[in-house]
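Structure first, commentary second.
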Amino acid sequence: MARFALTIVRHGETRYNKEKLLQGQGIDEPLSEMGFKQADAAGRFLSNVRFTHVFSSDLIRAKQTACAIMRNNQLSEDIKIMYDPRLRERKYGDAEGRPLSELKVMAKKAGGQCPSYTPPGGETLEQVRACAKDFFEYLCQLVMAESSVKEKSELGASGMVGIMSTDLAPFVNHNKEPTIFGESRDVTLDASVLLVSHGAYMRNWIKYFVEDLQFTFPPELKKSRELSVSPNTGISHFIVTVGSGATRKPEIQCVCINLHGHLSDIDADTSHYQV
């Protein structure tokens, strides 16, 4: 068995985000001035969270966000950011570069509706979920393999992450429960993973948790809101337990979804919206 913390962050704002234009994969827009401020704010919020692995989409808006977060981090020195195309935003094909309102018009003309409508040249929701599933399974296998190696090696302890209640304070303070670990105040995890990705992709990842892994939202969270697209640099945090049995599904504990309190001092748009 292996257990790890999973922190997922949406990239900071771009000019296209501000103007409600679809980017997808074909438009590789950098962060705006506000986007860099948001990324730094997320980095400060996560500055005392220890990460063992950092992954990011290979699109520039996500890469810049990941770099800003790690630049602010005080506990994760010399961690290489791994850029992976499986974390890219949903491809919107002919709708890329167009206003979100036009996508809705395209969907209506085709007899569909957002977000299930797939524009010409775009990815279906099933394809996006398949990417999320593939990467999550890879992540679970990676942590399991590293955990197994550490158990067999007395010299492997450096990779183990001792998570104290203070290490999770940024998240626990936003959860109604005093600790997600019950009575224990000192828990050892096998890894602490940071992912930086995109709004529609992240929503489909969480839907994969809900529909395929039977993840349930804590009672204080509204499902309809949490399945909307995260604000820019919205932060979600989970604890994942992976069993050794091939047929056993990972267990997901939710600490927070689409957290954005770190943006309160920079006048950023924190609205949730549907795509």
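Cβ coordinates come from backbone N, Cα and C, glycine included.
Among the features that Swiss-Prot reports, active site, tele-phosphohistidine intermediate is placed at H11, with the record citing similarity to another entry. Counting every protein chain shown, the Cβ of H11 (active site, tele-phosphohistidine intermediate) has 33 other Cβ atoms within 10 Å.
Summarising the annotation, Swiss-Prot assigns active site, proton donor/acceptor to E89 and lists similarity to another entry as the type of evidence. DSSP classifies E89 (active site, proton donor/acceptor) as coil under the three-state reduction. Using a 10 Å Cβ-Cβ cutoff, E89 (active site, proton donor/acceptor) registers 26 neighbours.
Annotation note: H198 (site 'Transition state stabilizer') sits in a coil segment as assigned by DSSP. Under a cutoff of 8 A between CB atoms, and with a sequence separation of 6+ in the same chain, the neighbours of H198 (site 'Transition state stabilizer') are R10, H11, S57, L59, R61, A62, L87, R88, E89, R90. Sequence annotations record features per position, and here Swiss-Prot assigns site 'Transition state stabilizer' to H198 based on similarity to another entry.
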